[in-house]
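Some features that Swiss-Prot has for this protein:
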type	residues	note
TOPO_DOM	1-8	topological domain 'Cytoplasmic'
TRANSMEM	9-29	transmembrane segment
TOPO_DOM	30-425	topological domain 'Lumenal'
CARBOHYD	109	N-linked glycosylation site
CARBOHYD	152	N-linked glycosylation site
DOMAIN	189-394	domain 'GT92'
């Protein structure tokens, strides 16, 4: 896959200089073509910029109105496809493949066509958290035919072998070879994926607390999957405010079938889409809900410093983080300032994860199910350096868990009151 190299930067500077000279000193003829170190032909700066955009998938540069919508494409009554991606990682799931996320009611044989040519190797990969529900999630793996470049693939045709019914699925993401990603290529250091915002699950003030507190902790982007039709006016106003201020990205998410036919409201779809959305874009991505906060334990270390230490081993792709249940006795925001009593027990089963997205192939709700290389590791952290505060309406006793309040209390109160007043919540 082409990359942004020093020679391309030098070429860009040289072209800019030439354009300036030509503008001030017109000449009869111009040099027709330039070449980079790979022999790629460039006629102007625009072609270089086009090449750069092929290398890194930048969502905000895609002129597609559906980019912030999880688009389910119907193959037939028993199959929906979405979020197709090219996968340039040479790992334990094969190389090179175009992959398609699918909800299906039963396993069947499928074929794929890429740029008019049939894929010679097609297989289904089942997610580990389907729990024998009617609708189950799979990844359809389609081997890239020889002679086709990933960057020239814009869609894949998925065909049910028995009926010949098909659907064309646009490529949504381009996943780079994770071994050649450099630190300066990430847009964000830390982001959060919120798999689902249910219409009556939280009020607008809880959202304000969640966004402001995580911003204070250094989170640069929060991705929220929600069905806008289920939200009340205050919630819509609050989400729009933060979306307009670029602190959150809203992704519209509406299942194409009944929720009771799929495990846990179909959150595997949003978790996986958000994993792909952050791959190559964010260094560390957290998966948690609005009533959960990742908390660094050591006072002198920030969240980013704590996470960086936990991922010091470059083969670690995921950290399963233990949590403490906090008694949400006072049911008004900011919860983190008013509720500080937890149970003594550390919860190590229903963990939450922070991951290096490019190293993960399958992410679950509470654990990482598969990494992309056999030598990559998913490890568990018992809460000594990092833990999750989970606020629940239960009587927990009797430990003090006021780390968030002590560290960010004054700033959070100021920012919370400011936004609540501004939006008249």
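Even glycines carry a Cβ here, placed using N, Cα and C.
Averaged across the topological domain 'Cytoplasmic' (1-8), pLDDT in this predicted model comes to 45. DSSP assigns residue 109 (N-linked glycosylation site) to coil in the three-state reduction, outside any helix or strand. In this structure, the CA atom of residue 109 (N-linked glycosylation site) is 26 Å away from the CA atom of residue 152 (N-linked glycosylation site). DSSP assigns residue 152 (N-linked glycosylation site) to a helix in the three-state reduction.
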